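Some notes on the structure that comes next.
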Amino acid sequence: MFRRQFMTTALAATMLTAPAAMAEMAAKITEPVTITFYSYNLASAGLGKDTTEGLIADFMAENPMVKVEAVAAPSNEILSRVQADIVAGQQPDVAQLVFRDLIYAAKDLGAQPLEDLAGDELKAHSEGMVPNGLALGRVDDKTYGLAYTFSTPVMFINADLFRAAGLDPDQPPRTWAEVKAAGIAIHEATGKHGFFPGAFGPIDGTFVYQSLVMSNGGQVREGNKLTYADPAAAEAVTMLRDLRDSGAYADIDVAAHMDTFASGDLAMFLFTSAIQSRMVKAADGNFELRVVAMPSFGDKPTAPTNSGSALFVLSQDPVKQRAAWELTKFLTSKHAYTQITSKIGYLPLRLDIVDDPKYLKDWVEANPMIRPNLEQLTRLTPNVAFPGPNYRQVESMMKDAAAEAVLGTGDPVEVLKAAQERGQALMPADG
Amino acid sequence: MKADTRRLVVHAPMIVLSLLAVFPVWWMVVTSLKPENEIFSTRLWPASPSLENYAYVLDAIPMIRILWNTFAMAAATALAQVLTGLCAAYALTRWRFRGSGIAQGLIALSWLVPFQLTMIPNYVLATKLGMLNTIAGLVIPNAAAAFAVLVLTNAMRSFPKDLIDAARMDGAGHLRVLCEVVVPNLRAPLASLGVLAFISAWNEYFWPLLLTRRIEDTVVQIGLQMFMTQEGNQWGAMMAAATLASLPILLLYLVLHRQIIDSFMRSGIR
């Protein structure tokens, strides 16, 4: 972790500030052009890689003048790779970056604002996208990233453990109070673990934490002011601490939450739907898997936040910008989302393909577990990235503080306040 | 009977410790033979063992090509480190020149500089030299190692000076002295160093991650990492890949086990 942060900081310091948008994007491609596409899906063996390679091949078949050179890097290393290549003069053209890097990509990495780059083409392309779809990649009223592979938190349920505890899995918990009651009952009756949110630990779960905070009406920051210790945000963390103190919260290694659920030892697991296909395989013959929407704070509607990544156009050359924009459009088209949803398990940014027999209708009917997540898309709330050169450290301090507040022994509000004060010193001072 | 009991008392802890040491390897192989829905079972042998994970690994990534890349990179790195270390150690011990102490001190200090610090300048240079995706690009930044120079300098210091002087009086040049007098007598430390350098290069992760852009050009540690994602680890496939990746090192151990044990004894386990 230290090495990764060190590399990112060192590279950020090495890089020049972002150049402004260069010449206008070419209207069309008249000569062969090669562009690079940096993707973390290509760095994992299996469906993510195969699907992405298939989409690139489809794009090149449709656009014979464009050759896409794919560059693979793991999700936690891809920003360093992009930075290193910019420093080395190997300008990336399209990059798949996680949402935490959004502001950095917009302000320091040279990502092109799509309104300036594509104008009316962006408006036409965004038709049919979920409400808030473009907002996911927006900074200061401009869209820098087009949401690509993303999901929202859903609750995976081990129905067998519910039955073993005398609970009805057809009536899953819908509020945090019900999660607490079910978690205690399951732990006491079976000796297995009740509930765990994939919010903390080395596997990125900031979107789960932010979903909880925003579902209770809180915010992690407002402008350049950190607010994650403010009452509504802190209350969400205090609720988790209460779950832990009551015994409803699983006492497990935070790095092993997915494996604990897959092994059948955890009854309720709040995490991204992107792991659904893995859980289906793990549950096969071992336990009955179900998926429900994330629980709410009483009657308050939930505010599911997006995990995953967006596509950023980094090209500076007008012809390459055109090719990069065409690739970006293709990768967020109805065809691409049909592939991405049905093969990898992410959500479609376009809800109009869900009931379309040409696209996802048959698949959704055969895989009803995606329904709770699709329903949550109507309340999709953009993940909040942090500004300034210390954004990763600020986010990391917030995550560590939230984890300590839930899993530690100190007063949770005081823990959050102390971290917020330290983190504020790392935030940009101006506007 | 008494002797048998004594032998048992002496051997029992060693047997237990050996089993403890072997167990992770056993578990790796067993996990590689388990289907997905059995991965978390604690049985010592899978209920329905299969080679599915191996077939998947060979299909999902170019494993044989990756293993070959890794072998070529590790062997070339080890050879380069031994050669550069040998030449540097010979110069530092046999030639008296102004600043030799400072040179040796600087080499020792460079051992304290983490590779991550020089990685980006190295990457920029490698890019400019067109060394992306090449074995040469992987090897050259690691071709000289302070550890190798220091180990061989120490070994050469204890080498009898009279032998070298005798060879010089017989008219042998420095290269001949090095090749025909020094090297044959320093076989043990050279072999130990070579083995350590090979294993260290085999386990390299960060530099290949940065330098290689295509899976066909990368090395085994990156290949293994491909089965670990934010969406969870593919344990069966990863253990199958790890088993395949262990085979060349196991083969090396079978051939050179005396030197490997000797090198760990000399340098401490790294």
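Placed from the backbone N, Cα and C atoms, the Cβ positions cover glycine too.
Remember, TrEMBL labels are computer predictions, not curated facts.
Marked as transmembrane segment by TrEMBL: B:12-30 (among others).
For B:66-93 (among others), the entry in TrEMBL reads transmembrane segment. If you look at the transmembrane segment (B:66-93), the same-chain residues 6 or more away from its ends with a CB under 8 A from one of its CBs are 100, 103-104, 107, 135, 138-139, 142-145, 148-149, 151-153, 155-157, 159, 174, 178, 182-183, 186, 190, 193-195, 197-199, 201-202, 204, 208, 215-223, 244-245, 248.
Taken from TrEMBL, the feature domain 'ABC transmembrane type-1' covers B:67-256.
Away from its own ends, the transmembrane segment (B:105-125) comes close to residues 88, 141-142, 146-147, 149-150, 206-207, 210-211 of its chain (Cβ-Cβ under 8 Å, at least six residues beyond either end). The transmembrane segment annotation in TrEMBL covers B:105-125 (among others).
The annotation transmembrane segment is assigned in TrEMBL to B:131-156 (among others). Using a Cβ-Cβ cut-off under 8 Å and counting only residues 6 or more beyond its ends in the same chain, the transmembrane segment (B:131-156) has close neighbours at 69, 72-73, 76-77, 80-82, 84-86, 88-90, 92-94, 104, 107-108, 110-111, 115, 118, 122, 182, 186, 189-190, 192-193, 196-197, 201, 204, 207-208, 211-214, 217, 219, 266-267.
Residues or ranges marked as transmembrane segment in TrEMBL: B:177-202 (among others).
As annotated by TrEMBL, transmembrane segment applies to B:235-256 (among others). Long-range neighbours of the transmembrane segment (B:235-256) within the same chain, counting only residues 6 or more positions beyond its ends whose Cβ lies under 8 Å from a Cβ of the stretch, are 25, 28-29, 31-32, 34-36, 39, 52-54, 56-57, 60-61, 63, 67, 70-71, 191, 195, 198-199, 202, 220, 223-224, 227-228.
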So if I exclude everything within five residues of the ends of the transmembrane segment (B:12-30), which remaining residues of that chain have a CB under 8 angstroms from its CBs? That is, six or more out.
44-46, 239, 242-243, 246
